[in-house]
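Please read the structure below before turning to the comments.
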Amino acid sequence: MDAAGASCSSSEAVARELLLAALQDLSQEQLKRFRHKLRDAPLDGRSIPWGRLEHSDAVDLTDKLIEFYAPEPAVDVTRKILKKADIRDVSLRLKEQQLQRLGSSSALLTVSEYKKKYREHVLRQHAKVKERNARSVKINKRFTKLLIAPGSGAGEDELLGTSGEPEPERARRSDTHTFNRLFRGNDDEGPRPLTVVLQGPAGIGKTMAAKKILYDWAGGKLYHSQVDFAFFMPCGELLERPGTRSLADLILEQCPDRTAPVRRILAQPHRLLFILDGADELPTLAAPEATPCRDPFEATSGLRVLSGLLSQELLPSARLLVTSRNATLGRLQGRLCSPQCAEVRGFSDKDKKKYFFKFFRDERKAERAYRFVKENETLYALCFVPFVCWIVCTVLLQQMELGRDLSRTSKTTTSVYLLFITSMLKSAGTNGPRVQGELRMLCRLAREGILKHQAQFSEKDLERLKLQGSQVQTMFLSKKELPGVLETVVTYQFIDQSFQEFLAALSYLLDAEGAPGNSAGSVQMLVNSDAGLRGHLALTTRFLFGLLSTERIRDIGNHFGCVVPGRVKQDTLRWVQGQSQPKVATVGAEKKDELKDEEAEEEEEEEEEEEEELNFGLELLYCLYETQEDDFVRQALSSLPEMVLERVRLTRMDLEVLSYCVQCCPDGQALRLVSCGLVAAKEKKKKKKSFMNRLKGSQSTGKQPPASLLRPLCEAMITQQCGLSILTLSHCKLPDAVCRDLSEALKVAPSLRELGLLQNRLTEAGLRLLSQGLAWPKCKVQTLRIQMPGLQEVIHYLVIVLQQSPVLTTLDLSGCQLPGTVVEPLCSALKHPKCGLKTLSLTSVELTENPLRELQAVKTLKPDLAIIHSKLGTHPQPLKG
């Protein structure tokens with residue numbers, strides 16, 4: 001704590017004594033004039049209400065001034081008001097006594113004056129940012145706009161895409177308008193959130209966006225009328241700094257000098273913005289050391305200060321901008337008070353190109369690199385992540401300078417990161433056993449840090465592993481100097497947290513070389529741990545799978561002189577096969593479609609606890625995708641007969657991963673999507689087409705319909721190696737574009753035998769499209785399960801399927817409402833000579849006397865047709881999903 005904080009009580013007593021003496025020197029007329037001037041001359045936009053001033057004597061005024069402005073600022077205010085009231089002799093005496101007894105540090109600048117000084121300081125300090133290779137670049141020139149999609153902090157249903165989900169808001173490019181909207185909330189007329197969470201995966205650009213927000217605030221572009229002071233707080237650094245500090249100390253460290261009026265700044269918390277970068281690094285609140293701090297002047301650990309801010313027990317009216325990875329958002333939201341969420345989605349296609357031209361200073365090189373990446377569809381897709389885009393640009397620049405073939409650039413994040421390491425080593429002319437040994441130690445440092453939640457490393461850490469001054473240290477670690485209690489503390493961190501996680505995964509394989517007894521032990525400990533796919537080691541585990549591909553293992557052997565035992569890969573495969581059906585498969589399937597009112601609150605709490613489990617299935621698919629080995633994926637999925645994704649707002653990358661796994665799945669595989677968002681958010685197009693282009697467009701008759709978010713999955717289903725046999729879509733919104741793509745897939749999917757459409761939001765046009773696919777001559781779907789309200793409005797499409805489908809043998813309408821207006825055309829279709837249906841399931845369907853009579857007549861006419869209903873003499877079978 002600073003000296004001012006340490007002597008808080010004594011300085012307050014002195015300030016009170018000075019104020020009381022000055023005010024008691026005033027006559028009744030002077031005191032009255034002082035009160036009026038105090039009312040009419042607000043400081044920093046604030047003044048004491050007249051109702052509290054009107055009848056106050058000297059003692060009352062002293063109390064109110066100290067309460068309203070804080071002790072030392074109150075002396076400054078009093079001195080200036082006395083001068084305005086033309087009581088100059090008392091003002092002069094107060095100034096002299098203030099200088100003698102309190103010093104001049106706080107008496108020179110008002111908060112308004114210091115605000116301008118602080119903004120100028122922030123503009124100077126943050127005008128440049130260091131890239132991962134320690135090169136400094138101007139933030140305005142390097143920052144490339146990101147797509148940011150507003151989310152919701154209230155209903156989980158809105159975030160996760162249940163059957164009642166709203167249309168997702170359009171992702172907007174991160175200009176000042178988008179940043180200004182963050183604290184407005186979804187409803188402009190409702191209460192504005194005090195906490196905004198910028199969420200997104202590793203390397204997506206959350207930190208850069210947060211720094212740009214700070215820089216634009218200092219430049220007067222953001223929150224000008226709402227925020228007087230904004231402070232950037234890297235959570236990882238604060239957690240690892242030794243000693244204790246108060247929030248006031250942390251604020252003072254960011255100010256241009258030690259004369260900052262910290263107490264007056266903190267006296268107006270509603271005018272403050274704290275940017276907490278990397279809040280996912282905080283441990284759980286259950287530990288005693290995480291008890292939130294409530295006093296901004298209490299010297300304590302960084303964890304307690306951050307916990308106090310996040311829980312709003314410390315400065316509850318202050319604004320918070322928090323960055324966090326998606327995987328830990330559920331755990332973080334338990335600490336926050338009504339947060340507004342926004343998702344950082346990386347670069348749009350337009351901004352990918354802008355980034356390339358900003359990175360390459362030579363326009364011809366930029367054009368060549370961008371054209372190459374654009375032609376590599378998978379690599380181009382990966383470049384939506386800014387850190388991956390930076391690595392790709394760095395590697396391509398090195399290969400250009402060395403005259404090498406650009407085609408060696410790879411297609412997964414793992415392969416891109418591995419190529420980055422090897423390219424950096426080659427460009428530096430370093431190789432051989434010494435550098436290989438250094439790299440092993442660097443990987444070990446990364447692994448130690450990941451396991452301990454540590455991102456900052458001391459010089460002693462580097463010396464212990466003989467990395468101090470090494471070549472790999474200068475290439476892959478960035479140096480930081482932090483103010484310490486007695487001296488500057490030097491720390492090191494990896495160029496990006498995701499890169500540290502990649503090196504940690506590589507460490508497991510480098511350590512696997514050796515005695516058979518120790519070979520795969522550490523790898524198995526990683527994948528078997530709860531953190532492996534559900535916790536903070538999820539990305540490390542994903543990288544591990546990517547490194548286990550045959551091609552990557554060969555690269556590791558060539559570049560690092562390491563032979564990875566084959567049993568490591570086989571043991572990992574057996575681990576995947578041992579997962580059987582993840583817990584997520586049964587979480588939603590066993591729930592009733594509609595919860596009772598008294599159970600809703602309890603169910604919501606259970607969903608929060610299960611949130612990380614709900615990601616298990618998708619995370620496992622990401623791991624398999626990262627291998628890019630069809631045979632490995634097929635073997636892994638052979639023991640997982642059903643893939644289930646529940647309550648996931650699927651992104652394009654999620655669909656890319658799912659589609660690859662579906663393409664590789666063995667015969668008999670089932671896929672169930674439950675309450676998944678399948679609506680793509682459209683990017684806003686600002687430029688209008690020219691008149692000629694619009695004229696050409698209107699004359700064109702063969703325009704291709706827009707692709708749906710589900711198209712990659714549909715394209716995977718029609719490949720000959722795809723063994724997907726059962727597809728169930730439950731409680732999903734299915735736009736017409738999705739139905740169109742799914743219909744095309746139904747026509748030719750080689751293995752699909754069963755389709756379930758359960759409680760989805762389908763339009764009449766969508767069902768018409770699906771019926772066309774099901775009635776197609778080459779469609780192989782034999783079982784169709786449908787649950788939907790309002791079947792009477794679309795029964796004619798179902799009739800078409802029954803009359804025209806060459807292979808449909810089972811129709812399950814369990815749980816549907818079947819009035820007479822539906823049963824009559826249904827029975828007519830069943831009697832049709834071309835209808836080959838063998839089983840009609842009507843479990844839990846309420847039927848009146850006339851429909852029952854018509855169905856009985858169908859049974860008499862077609863004795864081979866089994867109609868399952870309790871009143872028709874057949875036993876019901878439960879509906880799956």
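Keep in mind that glycine also has a Cβ here, set from the backbone N, Cα and C atoms.
In Swiss-Prot, the feature phosphoserine is assigned, of Ser104, Ser225, Ser522, to Ser104; the remaining candidates carry no such note in the record. Listed binding-site residues: Gly200, Pro201, Gly203, Gly205; maximum Cβ neighbour count within 10 Å falls on Gly205. The Cβ of Ala202 (ATP binding site) has Arg325, Phe387, Asp496, Gln497, Ser498, Glu501, Leu539 as same-chain neighbours under 8 Å, each 6 or more residues away in sequence.
Taking the mean position of the Cβ atoms of Gly200, Pro201, Ala202, Gly203, Ile204, Gly205, Lys206, Thr207 as the ATP site, the remaining residues of that chain whose Cβ falls within 8 Å of it are Arg325, Val344, Gly346, Val385, Pro386, Phe387. Among residues of the same chain six or more beyond the repeat 'LRR 4' (839-863), those with a C-beta under 8 A of the stretch's C-beta atoms are 809-820, 823-824, 827, 830-831, 869, 871-872, 876-879. Per-residue pLDDT, averaged across the repeat 'LRR 4' (839-863), gives 90. DSSP assigns Pro201 (ATP binding site) to coil, not to a helix or a strand.
When the neighbouring Cβ atoms lying within 10 Å are counted for each of the binding-site residues (Ile204, Lys206, Thr207), the highest count belongs to Ile204. DSSP assignment over the repeat 'LRR 1' (459-484) gives 12 helix, 6 strand, 8 coil.
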